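Enquirer: Attaching a single structure in structure tokens format; questions to follow.
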Amino acid sequence: MSAITFPTSSTWDRVKGYTPPTRFLPVIATLALFVGLFGAGGVRYDGLADPQVLLSLLIDNAFLIVLAVGMTFVILTGGIDLSVGSVVALSTMIAAKTLQMGWSPYLSIAAVLATGTLLGLLMGLLIHYFDIQPFIATLAGLFLARGLTYLISVESISISDETFTQLAFKTVYFGEYYLRWTAIVALITVAIAAYVLARTRFGRTVYAIGGSESSAMLMGLRVAFTKVGVYVISGFCASLAGLLFSLYILSGNSLHAVGMELDAIAAVVIGGTLLTGGRGYVVGSLLGVLVLGIIKTLISFDGTLSSYWIRIITGVLLLAFVVVQRFATRRQS
Amino acid sequence: MPESPTLVQRVVRHQLMWPVLALVALLVVNVVATPTFFNIRMQDGHLYGNLVDIVRNSAPVMLVALGMTLVIATRGIDLSVGAIAAIAAAVACTRIVGAADEGAATTAIMACTYALVVCLLLGAWNGFLVSVLGIQPIIATLILMVAGRGISMAITDGQITTVNNSWFSDLASGFVLTLPLAFLVAVGVFLLTALLTRRTALGMLIEAVGINPEASRLAGVRSRTIIWTVYAFAGLCAGIAGLVIAANTNSVNANSLGLWIELDAILAVVIGGTSLAGGRFSLTGTFIGALFIATLARTIPNIGIPSELNYLFKAVVVIAVCLLQSPKARAVFRSRRGGPTVPTGPAAPVPAKAGSVA
């Protein structure tokens, strides 16, 4: 049959018969969910269909996007990083404290990024060279970063440095619409991460480790370098997210970002990345963050629903994605 | 003389030696910092003192850790216990506030029973996801961890609910036979669990499932039922812990109640020598682990460090315990020191200390 119909197929037949590769399906599902939520919200509430709402989503969730990017790398190797929320808090605190002590803002930014990267490196070394489960090693990281935050200051410190406040409110205009610099940093991070994962040797090794670590090892890939590397990336992204968060909130506080690691993990999973590793895209994580963000926006537009519904709806979405993933992978294997 | 080396060796090699040693070391630090640390006095028919406070404060972590021990023994993990504790407290407190007679004993009992049934169901839900749908435990319980605090806030309508029921607050601050009731409840659950798992085949079956679920299923073990049961049990334990925490402050704050208790519980289990790889568990180890965490929380302010730095010390403990358990790390240290006989050398004075506590 197919031998007869195939040569005579018109362009329309090809469009009709086009099915995207199955590996893109989860990301497409997330995109459809986002468009659906945005569309439904636009019909229901006045003013939500404004493009500026979309740009504000990027601005308000810039730190979460960066966090989710780092988490995607870790989850793709089959690991998990519970420490990111605490590292965000530590970053805001280091930034606030060093600025208070009169450091140059650039030195302060460098200190924040170095601390996060170093913490990630330490966790990666523990995980790879001492065979400690990622979950437990990053749990130690969670406690360590939160403890260090308290060590610096138990009180909240506000940020009043001029360079920081200027950076925080730096805006790019597109006609009548605008985007903050923080959002642009987040989008650049997504672009770099997508390039690294899709086009570099490091990225391919990340996917290979997630597929099967022992196979990757036997293939002669640089497993040790890559496995430690993803935690370094995650630590760096967490501290960068911490910087964006301190620009967003302009204070350092040891109670910042409690439970933010859960939001990041949820965004990655909703973005279609397999929690067992080996499959997923950074773009999916970006869409996952946007889905969480649009839910938040819808709830605030509605006004009658309380904010705790965000958590319940996130949980339900997480459940739906995990169960669907489970059945999808079961059918293939 | 001839039998004493074997006794030393037996004590040194006993799996509980390290946790007990760590606990003793912490207590010694406390006594050095405050010589009157061990003082216990009798007042109004109750015991008062630092040690009594420690055992009282250890109750919630101990309860959660008991459930967690069995879950970890099946090679699982339960991240949702903190959220379940918050739900239990929210259910119980709203029931008490909504009851016709807020201060009555029956109100408290009914509310607690109701809350525990809810927790049992939530635990069973986790068990369903893990055993029937076959989702990884860490992911399956993550769902309830994310949604649970939202549910708890939905129950209390986002408010901090305060209750006024002396029977309920007795759960945390009451004393029975001069001992804190909260601790007795924890010990009761502990003994019951020990009886059920160690005096019947249940403990062995749980360990079998942890070693290899498929093989144990082929050997005729109902691994699915067992996994389901341990998660339901973990939910129940978390629920009791949540009630104790809520009773301690006579209120429930859905955002902060039981925050990070899952991490403390996992820490207690790991300190107690239960491997996260499953297949083997030590309830006594968990008991000591929970006491260790409560003692640590007491030690830090006692030696003059702000209590918020607790986390820093916990991080050090997590890393130390994991390195001690990691075969790779052991191999590294062994090759540095030259020979596996090292651990027995400096441990000679240990049994005396360990013996005095036990």
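Placed from the backbone N, Cα and C atoms, the Cβ positions cover glycine too.
Automated prediction, rather than curation, is the source of TrEMBL annotations.
Not my notes, these are from TrEMBL:
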type     : residues  : note
COMPBIAS : B:338-358 : compositional bias 'Low complexity'
REGION   : B:335-358 : region 'Disordered'
TRANSMEM : B:20-42   : transmembrane segment
TRANSMEM : B:54-72   : transmembrane segment
TRANSMEM : B:79-98   : transmembrane segment
TRANSMEM : B:104-125 : transmembrane segment
TRANSMEM : B:132-155 : transmembrane segment
TRANSMEM : B:175-196 : transmembrane segment
TRANSMEM : B:226-247 : transmembrane segment
TRANSMEM : B:259-278 : transmembrane segment
TRANSMEM : B:285-305 : transmembrane segment
TRANSMEM : B:311-327 : transmembrane segment
Enquirer: What stretch of B:20-42, B:132-155, B:226-247 shows the most Cβ pairs under 8 Å to the transmembrane segment (B:285-305)?
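Expert: The stretch with the most close Cβ contacts to the transmembrane segment (B:285-305) is B:20-42.
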Enquirer: Please identify the stretch among B:20-42, B:54-72, B:175-196, B:226-247, B:311-327 with the greatest number of Cβ pairs below 8 Å relative to the transmembrane segment (B:259-278).
Expert: B:54-72
Enquirer: Which residues of the same chain, at least 6 past either end of the transmembrane segment (B:311-327), have a Cβ under 8 Å from a Cβ in it?
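Expert: Sequence-remote neighbours of the transmembrane segment (B:311-327) are 18, 264, 267, 270-271, 273, 275, 293, 296, 300.
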Enquirer: Any chance you could find the range in B:54-72, B:104-125, B:132-155 with the most Cβ pairs under 8 Å to the transmembrane segment (B:79-98)?
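Expert: When the Cβ pairs under 8 Å are tallied, B:132-155 comes out ahead.
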Enquirer: Near the transmembrane segment (B:226-247), which residues from the same chain, at least 6 beyond its ends, have a CB less than 8 A from one of its CBs?
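Expert: For the transmembrane segment (B:226-247), the nonlocal Cβ contacts are 59-61, 63-64, 66-68, 70-71, 73-74, 76, 78, 80-82, 84-89, 92-93, 112, 115-116, 118-124, 126-128, 130-132, 163, 168-173, 182, 185, 189, 193, 202, 205-206, 209, 213, 257-258, 261.
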Enquirer: Do any residues of this chain, six or more beyond the ends of the transmembrane segment (B:132-155), have a C-beta under 8 angstroms from a C-beta of it, and if so which?
Expert: 71, 75-80, 82-84, 86-87, 89-91, 94, 122, 125-126, 224, 228, 252, 254-255, 257, 262
